[in-house]
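All remarks here apply to the structure that follows.
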Amino acid sequence: MSAASIVDSVILVVSAVSSVQLQTVECCVIGDAVLEKRKKQPKDKRGTGVIVVTKVDLIQGGVTGEKYASVISDIKSLTLHTNFENCPILPCSISPSSSSSSFHNSILSSINLSCGVPVRPPPSSSPFYFQIDHCFPSKGVGTILTGTVLSGSLKVNETIELPTLGKSYKVKGIQSFSSNVLSIKVGDRAGICVTGLDSSNLERTVAVTPKSLKSIRGCLGKVKRVRMFKYGLKSGTKFHMSLGNETVMGEVTFFGGKEIHEEGLTVENVLDRDYVVQEGYVDCWEERFVDTVDPMRYKTTEIEEQYCYIKFDRSIYVPRKCQVIGSRLDSDFECRLAFCGEVVVEGEVGDRLRFYTEKEKICWVSKLDSKFVRQEDSKEIFFSAVCRDLFGKGAQMNNFKGLKIVNKNGEVGHISEAFGTEGKFRVEFPKGLDTDPTVGDEMHLKFRKVRGDKTNKMWQDHIKLPEKVNRKVIVEESELPKPPEKKKAAPKPAAKSEKIDKLVGAVDKSKGDGVYIVSGLFKPEVDVKLHVGDSIAVAGKGLTGQIVGAFGKAGKCKVEISGDVEVGDKIELV
């Protein structure tokens with residue numbers, strides 16, 4: 001897997017005698033992951049795959065018999081929705097014959113075509129990474145490290161680091177195919193000679209540019225479930241994780257199925273956000289309740305990718321953006337490889353992911369408040385309603401003030417105050433309700449419970465409260481003042497400015513949400529309702545607002561002002 005960047009083609013070999021076996025399934029998974037990496041290259045240059053069916057001369061009927069047709073059917077089921085799906089399937093025999101010669105020529109031709117034009121990244125674009133497959137001492141010379149250059153380049157007299165030992169060594173010499181060379185680059189097979197290294201301390205490992213690899217205890221990967229793994233993938237389970245040259249146990253947390261499916265979530269914005277809790281890997285988000293794991297051996301539908309946070313049992317060294325395979329190597333499953341993908345973020349990032357569960361409580365409209373006129377469209381609508389059955393009697397409403405409530409049409413309001421002592425409460429809708437509610441309508445308190453949050457908070461960050469709009473009280477004709485019954489002429493009502501221009505009011509009390517009670521702005525005999533909608537100003541602060549209603553019978557009024565207003569501030573009519 002760690003050599004995927006230098007592989008130009010993959011040959012999947014299947015025996016015509018035994019057909020698809022356990023090792024065939026796992027080789028298909030690994031080969032598919034390698035070819036997936038190659039897809040980042042230009043289409044006309046990337047390598048493809050080749051499937052070879054061997055021993056066709058040992059089955060009845062050869063390539064024209066029923067057995068061969070059955071093997072081909074098994075192969076097509078196995079490679080469905082993989083990078084092998086459209087690869088050529090070629091027969092091959094083990095006995096020398098004219099037909100076997102033809103088979104071999106076809107295979108060689110297909111391999112040549114599948115390689116495309118090999119593309120290697122410039123050596124200077126990445127650090128040196130050398131996968132060591134053998135280490136031995138050479139008397140009088142030093143210790144020889146043989147392997148393959150997977151990235152970068154190296155010259156004689158440069159220094160390499162062996163991360164597993166935590167030590168660096170100077171390169172004394174380099175050989176490639178039995179010839180001394182001064183340098184090697186990505187894709188080369190070579191032997192590197194160093195001194196001062198005890199070969200008995202090493203197994204299969206890597207040599208790298210000093211300080212280019214960091215030790216990590218976790219990572220974030222974008223992975224896909226292996227279709228042939230017929231068991232569910234549960235979050236919190238431990239798998240054998242193969243990354244680069246390392247295999248280590250790691251605990252997995254799968255997430256992002258909903259966000260990828262609905263939002264097209266990308267690697268660039270995967271951190272520092274919320275995710276719905278997933279109990280395990282979900283093959284297809286739309287079918288999560290009916291088809292989480294297909295019991296059939298080979299699934300016939302495409303599996304959606306997801307993110308996976310992996311926490312390792314120990315620190316490991318891995319190259320950047322390397323591929324990862326999760327498996328159950330201790331099992332006797334038909335396919336032990338569970339999922340595969342690519343590391344997108346190295347390091348422990350669990351604290352930058354917040355997982356939540358959707359919660360909802362239902363209440364009902366108990367009483368409707370008065371309608372108001374919305375100034376922006378002159379529509380008569382409700383701006384508030386009294387609701388019930390969300391809290392018990394004696395509930396401390398101050399603890400719930402500000403919680404957002406959503407009606408059946410998706411319009412958002414918030415709890416503004418308690419209503420009586422029976423657990424009822426008033427819900428204010430800043431923009432008003434475009435559809436008239438009725439008593440008995442459902443209202444919904446939607447919130448999220450964040451995993452690991454010990455405060456038991458109801459999180460509503462994802463629900464946006466609309467901006468408040470201006471409104472006026474509706475004055476019915478029957479509410480207008482009637483002339484006195486006495487025959488003597490009633491005093492002529494003063495013009496608005498005649499009696500009140502010289503009066504200055506003061507803020508007595510704040511009602512919350514920008515609404516205040518003002519006294520002294522009108523004389524007791526003035527009908528305040530006639531002045532609803534009039535503009536006002538806060539003396540000395542440059543703040544303005546409007547009168548929204550009367551308050552009692554002593555000339556007090558309700559005003560609505562946006563800004564920092566305090567009790568005692570002077571209020572004037574504009």
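Each Cβ is built from the backbone N, Cα and C atoms, and glycine gets one as well.
TrEMBL labels come from automatic prediction, so no person has curated them.
According to TrEMBL:
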DOMAIN    142-204  domain 'Translation elongation factor EFTu-like'
DOMAIN    222-341  domain 'Selenocysteine-specific elongation factor 3rd'
DOMAIN    384-456  domain 'Selenocysteine-specific elongation factor C-terminal RIFT'
DOMAIN    500-566  domain 'Selenocysteine-specific elongation factor C-terminal RIFT'
SIGNAL    1-27  signal peptide
Number of helical, extended and coil residues in the domain 'Selenocysteine-specific elongation factor C-terminal RIFT' (384-456), per DSSP: 3 helix, 36 strand, 34 coil
Averaged pLDDT, computed only over the residues in the domain 'Selenocysteine-specific elongation factor 3rd' (222-341): 85
Can you tell me how the residues of the domain 'Selenocysteine-specific elongation factor 3rd' (222-341) break down into helix, strand and coil by DSSP? 13 helix, 48 strand, 59 coil
